[in-house]
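Per TrEMBL, the features are as follows:
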{"type": "BINDING", "residues": "90, 92, 93, 113, 125, 126, 176, 183, 262", "note": "ATP binding site"}
{"type": "ACT_SITE", "residues": "252", "note": "active site, proton acceptor"}
{"type": "BINDING", "residues": "253, 262", "note": "Mg(2+) binding site"}
Ligand code: AMP
Ligand code: MG
């Protein structure tokens with residue numbers, strides 16, 4: 001266990017120099033205070049959880065203090081936003097404080113979001129509000145607990161600093177952890193500004209640090225791109241299987257590591273809805289729930305375009321062709337497991353699709369349905385769940401198919417079935433209304449609800465005594481919350 005002053009830094013990205021990032025100091029928040037910290041994320045840095053409660057913790061992550069070895073940098077990148085190319089973006093309000101090594105030899109970027117203005121702030125104020133900081137913190141840690149690759153969050157620091165959005169709010173900072181903060185948009189920036197040498201330097205950096213095994217391949221850059229395609233296919237399969245809607249899948253928000261990154265107005269589905277749009281400024285539904293799958297491929301194509309100086313177009317096309325079949329395979333594998341199946345049959349795809357259609361037309365809660373399906377034998381569970389469906393005859397037909405499929409899958413005891421299904425079907429997810437309750441309390445100075453919700457979401461598959469209220473469908477007020485896109 002380490003104290004805060006015992007972190008070891010090795011700032012490899014900073015050493016790439018001024019063409020890649022700019023030195024900027026954090027702008028401190030007034031009266032910084034701990035809102036919530038993740039013990040699990042602290043463990044990634046070998047930090048003693050007790051240090052979260054010390055004043056110096058809030059000072060460090062509220063921008064007042066810095067380690068001597070930290071080298072805060074704002075990174076430059078660009079990206080395609082809602083399909084159109086924006087030539088220059090960059091860290092407009094976040095700073096890479098440095099890279100820290102833990103005792104296991106893993107390195108973690110420490111990125112402070114909401115740290116003030118940078119050369120890339122454009123019209124923004126460099127700040128993040130408490131509301132969006134809490135949402136990013138909770139989502140990062142909840143996705144991780146579900147087994148979905150994601151950046152992590154160490155803490156949220158609140159403050160009395162006024163920040164203007166639709167109304168006056170308070171500034172906050174999130175300390176984000178990831179093995180890298182390099183985005184698709186980094187490669188696009190150097191490609192479209194025609195800086196081939198720097199682009200090659202960036203590619204070498206990513207290859208050496210994050211895809212060293214690709215060095216062994218005859219075409220290392222191609223192997224790396226293929227790996228990025230594979231990781232994205234798997235990550236998006238998990239989003240779809242767990243009902244996660246990212247909301248702003250611009251290429252500047254896509255990590256080169258294939259992890260969920262840069263949370264905006266994201267949502268987990270309550271009722272299953274393939275057409276759900278969580279970002280209310282997304283008028284065309286470009287990033288609707290079901291569009292996430294083709295958009296994943298679109299984003300990879302944008303990255304492929306930026307890699308054309310290194311890889312032949314034919315090879316890039318072939319690698320892109322891996323995306324959909326891999327996505328399908330991962331998705332189907334997860335959905336089979338969510339349905340309690342241990343074997344694969346040709347028709348499983350239509351079994352899954354048939355269920356989702358029924359859920360869609362009846363507005364059935366996606367998470368709770370699948371959880372309850374594992375509570376009892378297939379026959380008892382479907383008999384109980386049919387009341388949730390408007391089209392009961394349709395559901396009965398599906399249920400007959402499902403029962404027959406379960407029977408062919410092999411016989412295990414009800415205990416085995418329940419344990420197997422509950423291990424992949426969460427009882428608790430980060431529903432928008434739960435986040436909203438926690439935010440409202442935090443905005444009035446009470447952080448207990450954020451902390452409790454975070455605790456519950458760290459064990460989403462385990463039924464927790466006294467936490468029944470976190471496993472409910474949303475109340476009427478919480479069903480169609482319009483989450484502000486400002487952050
Ligand atoms: P986002 O949509 O949050 O991923 O941000 C897109 C771009 O806008 C990035 O370059 C951000 O750094 C920048 N940005 C977002 N909010 C702010 C802000 N309040 N101040 C400065 N830059 C911002
Ligand atoms: Mg972003």
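Each residue, glycine too, has its Cβ placed from N, Cα and C.
Because TrEMBL annotations are produced automatically, they should be read as predictions rather than curated entries.
Feature map: TrEMBL annotations on the structure.
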| residue | record | Cβ contacts under 8 Å, 6 or more apart |
| --- | --- | --- |
| 90 | ATP binding site | 74, 75, 76, 77, 78, 118, 119, 120 |
| 93 | ATP binding site | 113, 114, 115, 116, 117, 118, 121, 124, 125, 126, 127, 128 |
| 176 | ATP binding site | 94, 109, 110, 111, 112, 113, 136, 140, 151, 152, 153, 154 |
| 252 | active site, proton acceptor | 77, 78, 79, 80, 81, 86, 89, 183, 184, 185, 262 |
| 253 | Mg(2+) binding site | 79, 183, 246, 261, 262, 264 |
Among 90, 93, 125, 176, the binding-site residues whose C-beta sits under 6 Å from ligand 2: none
Distance-selected binding-site residues near ligand 1 (C-beta under 6 Å), from 125, 176, 253: 125, 253
Cβ neighbours of residue 262 (ATP binding site) where a neighbour is any other Cβ within 10 Å: 22
Coarse DSSP state, helix versus strand versus coil, of residue 176 (ATP binding site): strand
Greatest inter-residue Cα distance in Å for the ATP-binding set 90, 92, 93, 113, 125, 126, 176, 183, 262: 22
Cβ atoms near residue 125 (ATP binding site) (within 10 Å, other residues, all chains): 16
